[in-house]
Structures are given as C-alpha cells and as structure tokens.
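Trainee: If you scroll down you'll find the structure; I have some questions about it.
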Amino acid sequence: MEITVVGGGYVGLVTSVCFADMGHRVRIIEIDPQKVELINKGIPPIYEDNLEEILKKNIGKNLTAQSDYQFIEKSDVFFICVGTPPQEDGSANLRYLSQAAESIGQALRDSTIFQVITVKSTVPPGTTESVVIPAVIKSSGRTKDSIGFCMNPEFLREGRAIKDFKNPDRIVIGGNSDIAIQVVRDVYSGFSAPTITTSLKAAEMIKYASNSFLAMKISFANEIGNLCKKLGINVYDVMNGIGYDHRINPYFLNAGLGFGGSCFPKDVMALIRLAEKNDLDPLLLQSVIAVNEKQPNKIISLLKERIGSVSGKRIAILGLAFKDNTDDVRDSRAIPVIQSLLDEGADVVAYDPMAIASMKIYYPDIQYRNTAGDALDGADACLVLTEWPEFRDIDTCFDRMKSRVIIEGRKILSIEGVEGICW
Ligand SMILES: NC(=O)C1=CN([C@@H]2O[C@H](COP(=O)(O)OP(=O)(O)OC[C@H]3O[C@@H](n4cnc5c(N)ncnc54)[C@H](O)[C@@H]3O)[C@@H](O)[C@H]2O)C=CC1
Ligand SMILES: O=C(O)[C@H]1O[C@H](OP(=O)(O)OP(=O)(O)OC[C@H]2O[C@@H](n3ccc(=O)[nH]c3=O)[C@H](O)[C@@H]2O)[C@H](O)[C@@H](O)[C@@H]1O
C-alpha cells in the first residue's frame with residue numbers, strides 16, 4: 001500500500017521503516033529538514049537497536065523522507081505521528097496535530113480516491129473527532145464520506161522499539177467507519193497479534209489507560225518498596241512473589257527511582273487534567289504522580305545518611321538516560337537527582353553509555369567521563385540511576401572510588417555492599 005507517515009521522530013520513523021520493510025511504499029513527512037537529510041542518507045536521528053540496519057535496507061527504495069507535503073495525494077493511508085507534548089498545566093498540546101491534519105487536508109484537495117487518515121500520536125479521547133476530522137474536512141474541502149478516519153495507538157517502548165512494533169501484544173484500531181478500519185487492518189496484514197476494533201474515542205482512551213496502568217504498577221511497587229526499606233525486606237523478592245499470580249503478572253513491578261521518559265509522566269498528567277475538566281477528582285492517578293515525584297528525593301536522603309553533607313564531595317553518577325538502551329533523557333529521573341546535588345554544592349561526575357550528548361543540553365557544566373571507571377575515579381559516593389546491563393560487569397571499577405558508598409536507584413548491580421533506595 002502507499003503510506004504517508006507524518007512526523008519522523010521515535011514513533012514516526014520506527015513505524016515507517018517497519019512498514020517499508022513489510023513491502024509497503026512509505027513516504028515520511030518531517031518538518032525538520034535536518035532529520036529529513038539524515039533519514040535520506042540512511043542515518044537515524046535517534047538511537048534504536050536495529051533501526052539503522054532496516055533504514056539503510058529500505059531508504060531510497062520503498063522509503064523516502066521529505067519536509068513538505070508534496071506527492072502524497074495518492075497515498076491510501078496516512079499515519080500522524082507528531083508530538084503531543086504537555087502544556088504548562090499538563091494537558092496535551094494538540095498544536096502539531098492540528099497543523100499536520102490541516103496540511104494533509106490541503107494536500108488532498110484534488111484527490112478523488114478514498115483515503116484514510118489515522119492518528120497514531122497519543123491524544124486525549126475525543127481529539128480525532130474534535131480536532132483532526134474538522135481540520136482535514138475544512139482544509140481539503142472534501143466530503144466526510146470521501147475520507148475515513150482512524151485512531152491506531154502505538155505501544156512500543158523506546159530502546160526496544162523495532163521489536164515491540166513488529167511484535168505487538170495487540171493492535172488497536174478505532175475508526176469512524178468499517179471501511180476505514182479495514183484499510184488500516186490491511187496495512188497490518190501479516191501481523192499475528194489480535195486486532196481490537198472499536199470507536200475512535202475508545203482507541204484514544206485505551207492508550208491513556210494502558211500507560212496510566214503501567215505507571216500505576218510502578219508507583220505501587222515504589223510505595224511497597226519504601227515500606228520494605230523501613231522493614232528490612234527486599235521488595236524485589238516481594239514483587240517476584242506477587243508477580244507469579246497471573247492476575248498481577250511480573251512486569252512493571254521494578255521499584256526504584258520511578259518512571260521517567262517522554263510518555264508516562266505526560267500521559268498520566270494529561271489524563272488527570274482531562275478528568276478534572278470533566279469535574280472528577282482522579283485520586284488514584286494523582287497518587288501515581290505524587291509517589292513518582294518523591295522517589296528521586298529518596299536517593300539524595302539515603303546518600304546524605306551515608307556521607308553527610310554532599311557539599312564539595314565528588315559524586316559519580318552512573319546512568320543518565322530515562323531507561324537503558326536509549327539516548328533519551330526526557331524527564332529522566334537523573335535530572336532531579338543531579339539538580340539536587342548541584343543545589344547542595346556537590347561535584348558531579350557522570351557517565352552514560354549513550355546519553356551524555358543529550359544530557360549536556362540540560363547540564364553543559366557538570367563533568368562527563370567516557371567510561372564508568374573514569375567517572376568513579378576518586379569519588380566519595382556513586383549513584384546508579386539507569387538500569388544499563390553493562391553496569392553488571394564493572395565490579396572492579398568500583399575499586400577506583402575514594403570511599404565505597406554505592407547506592408542504586410535501579411536494581412542492576414550484584415556486588416557486595418550496594419544499597420538500594422527502596423530495597
Ligand atoms: N516515544 C515513544 O516511545 C512513544 C510515543 N508515543 C506518542 O507518539 C507521538 C510522537 O512521539 P515521538 O515520536 O516520541 O515524538 P518526537 O518528538 O520524537 O517526533 C515527532 C516528530 O514530528 C515532527 N513534526 C511536528 N509537527 C509536524 C508537522 N506538522 N509535519 C511533519 N512533522 C512534524 C517533529 O519535528 C518531530 O520530529 C506522541 O503523541 C507520543 O506520546 C506513543 C508510543 C511510544
Ligand atoms: O507511550 C509511550 O511512549 C510508551 O511509554 C512506555 O514506554 P517507554 O516510556 O519507552 O519506556 P518503559 O520501558 O515503559 O519505561 C518507562 C519508565 O518507567 C521506568 N520503569 C519501568 C518498569 C519498571 O518496572 N519500573 C520502572 O521504574 C523506566 O525506568 C522508565 O523510566 C510504555 O511502556 C510503552 O508501551 C508506550 O508505548
């Protein structure tokens with residue numbers, strides 16, 4: 001099929017290369033010309049396992065990128081994958097979405113074929129109907145029945161994006177007509193995952209509810225973990241014990257610094273704002289955020305219990321990315337931790353296998369090192385903030401510290417004398 005993907009970021013680029021790899025002809029529209037140039041050269045602007053390989057294999061053949069909305073009038077289906085970042089009050093900013101919808105509509109003014117416009121961005125329930133459909137209909141001048149609309153949320157995780165995209169647990173397609181839904185189903189033919197078809201609004205809500213539920217599991221693990229810490233119990237043993245119950249399952253119960261990244265914090269907040277706008281008091285969702293906000297303070301308190309004031313002390317930070325296997329630091333828990341250390345006069349020396357360049361944008365002036373060992377050299381204490389597997393193999397590097405105070409915010413080390421924030 002002929003597919004246009006609007007937005008060439010994490011979701012748009014991964015969606016595009018995977019669809020192209022399946023044999024669809026894919027055109028990416030990305031307003032940032034630098035990203036377009038890189039993509040057309042076969043260089044992914046973001047890091048994801050396997051992405052470069054699949055991009056290189058398909059670019060220039062059945063995959064191309066451009067920054068304008070030309071040559072898309074014959075596309076069968078469009079996937080809008082632009083960002084929906086939080087506004088100051090936490091609600092979703094739909095500006096990029098409505099701009100994309102308007103631009104698609106303008107480009108389709110003279111098309112005569114039935115086309116389906118699909119929202120893949122995470123958007124509050126009601127958005128496709130209230131923002132996307134009116135923008136496309138107005139700017140295209142076409143009738144409502146000549147264009148179909150779908151909402152097809154994406155559930156991939158950063159760092160495992162290609163694998164997740166190709167092997168989803170389910171495919172959710174909300175649509176305003178059966179024909180529109182069938183077109184999107186056809187795009188995914190070849191996937192073995194169950195397909196759930198539903199209304200536009202329900203598809204939008206499924207995405208918010210999924211992310212909020214996963215975030216809730218993490219805050220739950222952290223709340224139990226904080227109590228376990230006081231009682232001298234290993235919360236990982238406890239979560240292992242509860243995870244065997246298939247009604248609970250063992251996933252997303254890792255206690256620690258809490259959830260970061262560009263999605264959980266933003267999506268839970270957006271759902272809270274949506275509930276409030278509808279005169280509800282979303283107590284559970286508010287608590288999910290409240291627990292999460294407090295976890296980074298715990299590592300600072302524990303550090304001070306161990307070494308006293310941090311002022312003038314050299315603190316090694318291992319891990320800056322919001323999770324392993326990514327260079328993304330958006331809403332990384334490392335940010336509040338580094339900020340507290342700097343506020344209290346610590347000398348911060350940081351290492352991350354991939355995210356140093358991204359963190360330099362937030363903190364250009366802290367010291368960065370190219371290896372974990374170099375960051376640990378002469379340190380008064382070490383804080384482990386990201387669950388990078390390579391940290392499992394650096395046991396001897398800790399011998400380079402001035403004093404061996406090692407505190408984990410993510411459970412990854414298996415050496416003697418390490419203390420966890422809530423285990
Ligand atoms: N990052 C992730 O792991 C996941 C993100 N999502 C959702 O997918 C959406 C996109 O997220 P990301 O890919 O992370 O964002 P991103 O910020 O990496 O990419 C969005 C891209 O859209 C481009 N863009 C903005 N306006 C445009 C326009 N009018 N025309 C063409 N391009 C335009 C931007 O330049 C940017 O490159 C968000 O709603 C997010 O919540 C959903 C699942 C996973
Ligand atoms: O909507 C999105 O953008 C995506 O958000 C998350 O994916 P992602 O943010 O990439 O990463 P996760 O693996 O979910 O981790 C998020 C955060 O939670 C933390 N986490 C995760 C799991 C856990 O048990 N404990 C925990 O603290 C991670 O360290 C990380 O900071 C969801 O897992 C995806 O399904 C969803 O598509």
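Placement of Cβ uses the backbone N, Cα and C atoms for every residue, glycine included.
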Trainee: Can you match one of LYS61, LYS74, LYS207, LYS402 to the substrate site that TrEMBL gives for PHE155, LEU156, ARG157, GLU158, PHE252, LEU253, ASN254, ALA255, GLY256, GLY260, LYS323?
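Mentor: Candidate listed by TrEMBL for the same site: LYS207.
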Trainee: For ligand 2, pick out the binding-site residues LYS35, THR84, LYS207, ALA255, LYS266, ARG330 that have a CB under 6 angstroms away from one of its atoms.
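Mentor: Correct list: empty, so none.
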Trainee: If you count Cβ atoms within 10 Å of the Cβ of GLY260 (substrate binding site), leaving out that atom itself, what do you get?
Mentor: 24
Trainee: Taking ligand 1 as the reference and 6 angstroms as the Cβ limit (strictly under), which recorded positions among THR84, THR122, GLU158, LYS207, LEU253, CYS263 are close?
Mentor: THR84, THR122, GLU158, CYS263
Trainee: Given the binding-site residues PHE155, ARG157, LEU253, state which is nearest to LYS35 (NAD(+) binding site) when distance is taken between Cα atoms.
Mentor: ARG157
Trainee: Do you know the mean pLDDT across the domain 'UDP-glucose/GDP-mannose dehydrogenase C-terminal' (316-415)?
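Mentor: Per the prediction, mean pLDDT sits at 97 for the domain 'UDP-glucose/GDP-mannose dehydrogenase C-terminal' (316-415).
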Trainee: For the domain 'UDP-glucose/GDP-mannose dehydrogenase C-terminal' (316-415), give the DSSP counts of helix residues, strand residues and coil residues.
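Mentor: Tallying H, G and I as helix, E and B as strand, the rest coil: 33 helix, 17 strand, 50 coil.
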Trainee: Nearest to LYS266 (NAD(+) binding site) by Cα, among ARG157, LYS207, GLY260 (binding-site residues)?
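Mentor: If we rank ARG157, LYS207, GLY260 by Cα distance to LYS266 (NAD(+) binding site), first place goes to GLY260.
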